[in-house]
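Listed in TrEMBL:
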DOMAIN    14-285  domain 'THH1/TOM1/TOM3'
TRANSMEM  30-55  transmembrane segment
TRANSMEM  67-86  transmembrane segment
TRANSMEM  106-125  transmembrane segment
TRANSMEM  137-159  transmembrane segment
TRANSMEM  171-193  transmembrane segment
TRANSMEM  214-235  transmembrane segment
TRANSMEM  251-269  transmembrane segment
Amino acid sequence: MVTRDVFLFSETQSSNWWHDIDVSPLWQDLIFHVLAALYGIVSAIALVQLVRIQLRVPEYGWTTQKVFHFLNFLVNGVRCSVFIFRRDVQQLQPEIVQHILLDLPSLAFFTTYALLVLFWAEIYYQARAVSTDGLRPSFYTINAVVYIVQIALWLILLWKPVSVLAIMSKVFFAGVSLFAALGFLLYGGRLFLMLQRFPVESKGRRKKLQEVGYVTTICFSCFLVRCVMMCFNAFDKAADLDVLDHPILNFIYYLSVEILPSSLVLFILRKLPPKRGISQYHPIR
């Protein structure tokens, strides 16, 4: 009996500290400002890397590598700004404007990492001497459909705010996240297996194998976690990410699905392309 009482007391205490932080304006501002600082750091790292790549190979235009780093800079920079003014964002009316400011960077995050899937797909099919002509149109089409559907849902919510449509919007984005996770599993897995079967053993092959394996695992995991969290977000008010009084949940969510994955991927892909004249550099455009 005593043991059960102690357990119930400790459980109550545990829930109390979480609730106390959630309802505290001081803790809310602190956590959101920490998120803003972390996003700002990741954005700055992506910008520095973009500048370094441009200085290394200025003769090439907007290669996939440059666009990837630019989008990382943009997405994380917008997130930083939103979290700096998070309390002001919560006061915006109509309410759909809040959802747009919070969800639009998530769509851009999808585009950023879908670009990486495209890059790997092009490498995979080129190595197998298969035409890649249809890949980029498919990439643009998929992104256009995702943005058009999401914008249509926002416009309908702006015209007539209905809770069912808000749930549909979150479920749709959960589906988009699952699609991205499967894309990484498909093309990251294919490229990894192809490199593994490559007959020539070399240091470069081993490093590329590790790079593809790590990035595939990180990106697949982050989009899968995002999918699961968005489903909870859609149907469970206790898991709502679009409110001020869930700062701990916001911190865990954004740290696990955007900040840490972006940081790790930027670190893994930090290698600069070779200077012109040292070796041939063939950017995939």
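Using the three backbone atoms N, Cα and C, a Cβ is placed for every residue, glycine included.
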For the transmembrane segment (251-269): best-contacting stretch of 30-55, 67-86, 106-125, 137-159, 171-193, by Cβ pairs under 8 Å: 30-55
What average pLDDT is reported by the model for the domain 'THH1/TOM1/TOM3' (14-285)? 86
